[in-house]
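One structure is given here, and the rest of the page talks about it.
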Amino acid sequence: MANLTTVTRISQEKHPRNISKHLNYGTAGFRSRATELDHILYRMGVLAALRSKSKDGDTIGVMITASHNPEEDNGVKLIDPLGEMLESSWEKHATCLANAGDEEFQVVLSEIVETFKIDMNCKSSVAIGMDTRASSPGLNTAVVDGVKSVDGLCFDYGTITTPQLHYMVRCINTRNAYGMATIEGYCNKLSKALKNIWQNQGERKVYKPHIIVDCANGVGAKRLKDIAERFDKILSIEIRNAGEGKLNYRCGADYVKVNQRGPEGIDCIEGQKYASFDGDADRIVFYYTDKDNIFHLLDGDKVATLIASYLIGLIRKCGLELNLGIVQTAYANGNSTAYIQDELKVPVACVCTGVKHLHRKALEFEIGVYFEANGHGTILFSDSALSKIESSCSSSSNESEKLSANELRTFVDLVNQTVGDSISDMLIVETILRDKDWDVADWDKSYRNLANRLLVVKVNDRSVFETTNAERTVIKPTGLQKAIDDHVKLFPNGRSFVRPSGTEDVVRIYAESDTQENADQLALAVAKSTYDLAGGTGNLPTL
Ligand code: G16
């Protein structure tokens, strides 16, 4: 039987704590400089195996990635049995274990075992994946050591996208009912669904089956290639930033969204459709340049509304009653929210940043579409939705309703319901554009975004920030919200908020207004107040 003294000895001998800095299990697990993470990865290997034991041996996932962060960073997040994010009640235990001194480690570990009444004799297994960072293989070894120290079994998937690992975990725990737990199984499931839907759509006049994809020099490139090869004749996917350059450097979804311009080194040709993944391929944004050389970004808000409008139409055609809702965060463009309420007429909820919050809220709908503006998102189909769709497929007497129900049932297989997935989301968007026979510019016309700006401010201690109202109101530092309100009043359609990042050592500022100049001025004014009232360090942000 695994014994905690051995676990502790290995920890002290092979993976001692080498930093004193406190790290939190934040928006997306632990993130920091890769050199500070070895002991944390070992400990998360142990914790994942304990969580597996607490779930009667169900497989838990450990993904080694810092996603959109710079190459020098790395991180880790845990994945629960159905491919969802780690249950929030375990996050504080993850934080305690990660920050315990070497000599306190065993005590914290015993507390976890006691709190959750973990049977150390129970079997455990952990699926491990990593992105392409140079530091990832070393950290992978630390996770494996952690899992093995409690006699756990490891499924090592090597370099894999974050959403693919979420998918694998769900497949393993559903005994392959969700799909086969291999890259081949993932590609088969998605490509088969796409081809099935497309073959019933007939010829198209406007839709162009060609997309150029910036993979941020990350793991998405290799994994996108696996599936792109299967669409040879019907959809041409050109892969750029496949690893020849530095990860996430002046490319990728985060760069494109924040800077509102294409990645460096890719000339955006007029009318051509482009997309950018982030470093671990769980976000996607689309863009194009028009005839006046103006750059147009189609972010997570535009993806969510496109998906919702397609699903609403399809549900109607099936003659079904399904409660569909959209979940956004404070970063959602004000005009996207207005479009959802006024045009699509579906319920919309706003929650805190972080996929885990959106996912949880989306579960409240029969069909929940959730997207962060930064391109993170997916669609959740509840059991009740699935059974209504299924019975419409089998028992509807109306042929056209039956056909639509079949399309909806097939569409479900195109979706990675465990978490936002750049590859799956890209295929979903292509499928819907083809269904509507739209070009990327037609899609863009659905509504016009309010001009917006994102900035970051460095402060001495971002933990002094406290927010409420789904991060739209800042409570601390005192006086900052009043300053924001005063600035906002001066700008037409003005809106702004400030929140501490959960993945980087910065505070984020968002502002929107009627013109780009006004959005920029508002963002700069709020950044200055934040800097002054919250102990800003370094230079004030500029545009
Ligand atoms: C992660 C989270 C996202 C979040 C993003 C930024 O993304 O998974 O939900 O929007 O960080 O978070 P923050 O503003 O707190 O730094 P990724 O793609 O880096 O995993």
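For all residues, glycine too, the Cβ spot is worked out from N, Cα and C.
A TrEMBL annotation is a machine prediction, not a hand-curated record.
Values in this document were obtained by computation on a predicted structure and should not be read as measured data.
Per TrEMBL, the features are:
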{"type": "DOMAIN", "residues": "60-93", "note": "domain 'Alpha-D-phosphohexomutase alpha/beta/alpha'"}
{"type": "BINDING", "residues": "S67, D278, D280, D282", "note": "Mg(2+) binding site"}
{"type": "ACT_SITE", "residues": "S67", "note": "active site, phosphoserine intermediate"}
{"type": "DOMAIN", "residues": "117-173", "note": "domain 'Alpha-D-phosphohexomutase alpha/beta/alpha'"}
{"type": "DOMAIN", "residues": "192-285", "note": "domain 'Phosphoacetylglucosamine mutase AMG1'"}
{"type": "DOMAIN", "residues": "299-438", "note": "domain 'Phosphoacetylglucosamine mutase AMG1'"}
{"type": "BINDING", "residues": "E372, A373, N374, R499, P500, S501, G502, T503, R508", "note": "substrate binding site"}
{"type": "DOMAIN", "residues": "487-528", "note": "domain 'Alpha-D-phosphohexomutase C-terminal'"}
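Counting other Cβ atoms within 10 Å of each Cβ, the lowest count among the binding-site residues D278, D280, D282, E372 belongs to E372. Ranked by how many other Cβ atoms sit within 10 Å of their Cβ, the binding-site residues P500, G502 place G502 at the bottom.
Ranked by number of Cβ pairs under 8 Å to the domain 'Alpha-D-phosphohexomutase alpha/beta/alpha' (60-93), the listed stretches 117-173, 192-285, 299-438, 487-528 are led by 117-173. The binding-site residues listed here are S67, N374, R508; among them, S67 has the most other Cβ atoms within 10 Å of its own Cβ. Closeness to ligand 1 is met by S67, E372, these being the binding-site residues among S67, E372, P500 whose Cβ falls under 6 Å from the molecule. Cα of R508 (substrate binding site) to Cα of S67 (Mg(2+) binding site): a span of 17 Å. Binding residues for substrate (E372, A373, N374, R499, P500, S501, G502, T503, R508) extend across at most 17 Å, taking the greatest CA-CA distance.
Note: the domain 'Alpha-D-phosphohexomutase C-terminal' (487-528) comprises 15 helix, 13 strand, 14 coil (DSSP; helix = H, G, I, strand = E, B). Classification of E372 (substrate binding site) by DSSP places it in coil, neither helical nor stranded.
In the predicted model, the domain 'Phosphoacetylglucosamine mutase AMG1' (192-285) has a mean pLDDT of 96.
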